[in-house]
């Protein structure tokens with residue numbers, strides 16, 4: 001009875017977690033209650049631009065600094081890798097206390113270098129990113145009758161030949177009254193549950209509030225520099241300030257200072273704390289996602305029906321014939337039966353194939369587990385960097401699977417030979433991480449040269465190398481050890497000593513293999529557009545439920561495409577199916593890379609400078625390599641299982 005009760009509790013807990021992940025994104029933290037008059041501190045993140053894709057520090061521009069100095073907030077691996085640099089700011093609010101004409105600071109006279117870099121950041125459309133209670137500042141604009149929302153606000157604007165800076169901010173903080181629970185706890189189980197009411201009035205005499213919205217309106221105000229000489233930070237400005245975002249007045253000039261001010265107002269909102277991210281994560285184009293999924297399901301059904309009918313027809317016709325008729329009609333019925341002595345002949349560069357399959361298993365497993373956790377709400381955009389951190393963690397742990405699969409496949413190809421498994425394990429542990437390290441190091445030098453916060457700090461580089469060689473490599477070697485101890489897969493037929501000559505083909509087989517990638521790409525490209533927009537256009541991506549469905553469909557399509565291509569090659573007596581089954585589905589990476597080039601030309605056409613283009617192409621190349629290994633692994637493993645099943649299901653003499 002006790003075990004049954006525990007089972008019910010676990011089921012209830014899982015249901016609550018799943019329901020919570022479906023309804024809204026978990027914040028990764030508990031609601032913060034503020035009493036009237038409590039201090040609210042605004043933090044700043046790196047300034048960003050979709051025109052350069054290179055983040056820079058907030059204080060690289062002549063902005064006001066806090067009185068107690070600039071301090072870094074706690075950051076994780078993901079934040080550092082993504083270029084986030086969260087620091088404290090001089091902006092300070094009092095809960096539910098409206099303030100206006102608040103003087104912040106007056107910068108020193110702009111030097112020639114300050115003026116040059118400020119103009120450059122304005123030309124490159126850099127956005128300032130502020131954070132309050134883990135909520136990014138959001139800005140609403142109206143264009144052609146539509147309301148558009150942006151995170152952050154621009155540094156300034158260029159009008160004709162003059163440059164104007166936004167030196168006054170109008171903040172609106174949306175708050176929701178903290179709702180005390182009427183029940184303190186539940187004691188007992190089943191019918192014996194007792195509810196214990198809370199004592200007192202629940203804090204109604206001194207109600208608390210939660211921050212559920214943070215809006216910012218930037219304005220360019222021409223202040224009188226002489227009138228602020230005696231003002232200190234947070235003093236009231238001498239005259240009234242009218243913030244009109246449609247007009248600009250504060251032009252920047254050399255040897256002239258900039259005066260910064262702000263105002264803040266608090267508004268009570270019906271938005272509840274769990275739904276406060278809805279404004280940032282509002283889903284658009286859901287019909288497009290469902291349409292893409294339906295098309296993919298149709299393709300899967302079409303391929304599956306054709307393939308199963310063809311295979312079933314061939315096997316049925318073959319099994320109904322007696323041996324004499326089989327001998328007479330061998331070539332006419334099934335060309336693949338003639339490959340009995342060659343179908344499992346070891347491929348060229350077998351060790352490289354094993355290494356790539358091992359890496360593909362590792363990447364695919366990392367993607368599936370990460371997306372699953374994100375779909376359940378454990379990796380929300382509110383918890384910055386958790387997605388990248390989770391990917392690194394899962395990738396390292398799955399080194400065991402990579403080593404196991406690579407070594408066991410190596411032993412299967414070598415008919416059980418243990419020799420060389422250590423070398424295969426080492427190459428598996430270093431193949432993809434080594435290529436990724438080379439690409440990231442090259443790009444990091446470019447970011448270092450540009451003084452961008454997107455550059456990975458040297459200390460983090462050292463930590464990543466230590467994680468690679470102290471955790472990932474040993475786990476891969478452990479997986480390889482278990483793969484060497486596990487029994488290899490026995491082939492159902494014997495391989496002849498003399499390889500069979502492959503008949504001349506009407507069309508190059510590799511042409512068909514490379515063209516097969518169009519079907520998996522058709523499943524992927526709609527979601528790929530939203531992912532690319534999230535990465536390069538500064539938008540939030542949270543449609544992990546759709547992404548999980550697309551991932552499953554992509555795996556199925558890759559498996560089916562590879563099976564069909566492998567069977568077609570066997571039917572024309574082409575026994576070199578190993579690498580072709582890998583690239584039949586792995587060739588989707590070619591079309592992803594071509595799509596990346598298309599996205600660069602048409603969607604990121606304003607991307608400025610060779611450094612930005614190099615960064616884009618470098619990261620795209622790394623993504624394409626990962627996709628090729630993951631999808632190619634799906635195709636190969638499904639084809640290997642199919643070929644093994646096919647030649648195990650027929651009577652062979």
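Heads up, the Cβ atoms here are built off N, Cα and C, so glycines get one too.
The signal peptide annotation in TrEMBL covers 1-23.
Per TrEMBL, the feature transmembrane segment maps to 288-308 (among others).
For the transmembrane segment (352-379), same-chain residues at least 6 beyond its ends with a Cβ under 8 Å from one of its own Cβ atoms are 17-18, 20-22, 24-26, 386-387, 390-391, 394-395, 398-399, 401-403, 405-407, 409-410, 413, 424, 427-428, 431-432, 476, 544-545, 547-548, 551, 555, 578-579, 582, 626, 629-634, 636-637. Per TrEMBL, the feature transmembrane segment maps to 352-379 (among others).
What TrEMBL records for 385-407 (among others) is transmembrane segment. Here the transmembrane segment (385-407) has long-range neighbours at 28, 75-82, 84, 354-355, 357-359, 361-363, 365-366, 369-370, 373-374, 378-379, 421, 424-425, 428-429, 467, 471-473, 475-484, 486, meaning same-chain residues at least 6 beyond its ends whose C-beta is under 8 angstroms from one of its own.
Annotation comment: TrEMBL describes 428-448 (among others) as transmembrane segment.
Sequence-distant contacts of the transmembrane segment (460-484) (same chain, at least 6 residues past either end, Cβ-Cβ under 8 Å): 77, 80-81, 358, 392, 395-397, 399-408, 410-411, 418, 421-422, 424-426, 428-430, 433, 437, 441, 444. Residues or ranges marked as transmembrane segment in TrEMBL: 460-484 (among others).
Tertiary neighbourhood of the transmembrane segment (510-536): same-chain residues 50, 53, 285, 288-289, 291-292, 295-296, 299, 303, 543, 546-547, 550, 553-554, 557-558, 561-562, 564-565, 568, 580, 583-592, 595-596, 599, 603-604, 616, 619, 631, selected by CB-CB distance under 8 Å and a gap of 6+ residues from either end. Taken from TrEMBL, the feature transmembrane segment applies to 510-536 (among others).
The annotation transmembrane segment is assigned in TrEMBL to 542-565 (among others).
Look at TrEMBL and you will find 577-601 (among others) tagged as transmembrane segment.
What TrEMBL lists as transmembrane segment is 621-647 (among others).
Taking every recorded stretch in 288-308, 542-565, 577-601, 621-647 and counting its Cβ pairs under 8 Å to the transmembrane segment (428-448), the highest total belongs to 621-647.
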